[in-house]
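Pulled from TrEMBL, these are the listed features:
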type	residues	note
TRANSMEM	15-33	transmembrane segment
TRANSMEM	40-60	transmembrane segment
TRANSMEM	66-93	transmembrane segment
TRANSMEM	137-161	transmembrane segment
TRANSMEM	173-190	transmembrane segment
TRANSMEM	197-214	transmembrane segment
TRANSMEM	220-238	transmembrane segment
Amino acid sequence: MSEQTATYHIAPEDGFQAGVIACLPTVLGYWSIGFAAGGIGTLSGFSVTEVALLAALLYAGSAQFLFYSLALANVGILAIVLGVLLVNARYLLMSSYLSRFFQNKRWGEKFLGGALLTDETFGVAAQRAKASGELPFRWLLGLNLTAYVNWIVANLAGAMLAHYLPEGMIDSLSFSLTAMFVGLLLLTYLASDTRSLELVAIAVAAGMVAILFHAAPANIVLLAATVVGALASALLSLRNLHRNRQWLRPSS
C-alpha cells in the first residue's frame, strides 16, 4: 500500500524570498539611520560590542538615540527605561492593527511578527495586507529579518567608522528614516479607497497636536493624537456602514 503524504504549497508571492524583496526599497534608509545610531553610540562612549548588543536587543532607532542621550547625561536607569517605553508605545497601535491577520497563527509566529516589527516594515506590511486581505507569516518573516539584519550591520558599521567621518555628517543622516516612513505613508494613502476617512484622522490628529503640543510631552501628545484621530475615523466609518445598511434594507 502506498502512503500518501500531504504537501502544502506556498505561493511564491507569499514566501520568505518575496518578503526579502519587499524590504529592499527600505534598506538604504535602514543603513543611513543605523549608521547614524551606531556612530552616535560610540561617540557617546559606548564600545562597538555594546552598540551591537543594543541594536540587536532594543532594535528601535528613536529609542536608541534617546538611550544614548540620556545615558550621556547620567540619567538613572529607571528614567531611561520609562523613556524608551514611552517612545516605543506606538508599536502597540501598529501591532494591534496587524493582529487581526494573526488570529489563527501559532504563538511563536505572533511573537516574531510583533517583536521584529518596525515603522517601515509596518508600512510595507500594511500595504500588503490592505491589497491582498492577508499577511502570510513567511512573507512577514522575510520582510522583518531583512530589516533586522541590515539594522545591526549598519549600527556596527557606524560604530566602527564614526571617528573617521566629518563632524555633523552623523546627525544629518538621522532624518532619512523619517523621510522614508513619510514616503511609505504617502504611498499607502494614495493607494487607499477610504481617503476621506483617513483625511478625518489626519485632521483630528493634527488639531490635537496643535492644541496640546505645549501642554504635555511631545511623545504623549503624538500618541494621544494618533489614538483619537484613528477613533474619530473609525466612528465615522461605522456611521457610514450603518447608513449603507439602512439604505440597502428592503422597505416593508
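Glycine is no exception: its Cβ is also placed from the backbone N, Cα and C atoms.
Heads up, TrEMBL stuff is auto-annotated, nobody curated it.
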For the transmembrane segment (40-60) against the transmembrane segment (137-161), do we get 3 or more Cβ-Cβ pairs below 8 Å once near-sequence pairs (under 6 apart) are dropped?
yes
For the transmembrane segment (137-161), which recorded stretch in the set 15-33, 66-93, 197-214, 220-238 gives the largest number of Cβ pairs separated by under 8 Å?
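The stretch with the most close Cβ contacts to the transmembrane segment (137-161) is 15-33.
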Do any residues of this chain, six or more beyond the ends of the transmembrane segment (66-93), have a C-beta under 8 angstroms from a C-beta of it, and if so which?
37, 40-41, 44-46, 54, 58, 60, 114, 117, 119, 217, 219-220, 222-223, 226-227, 230
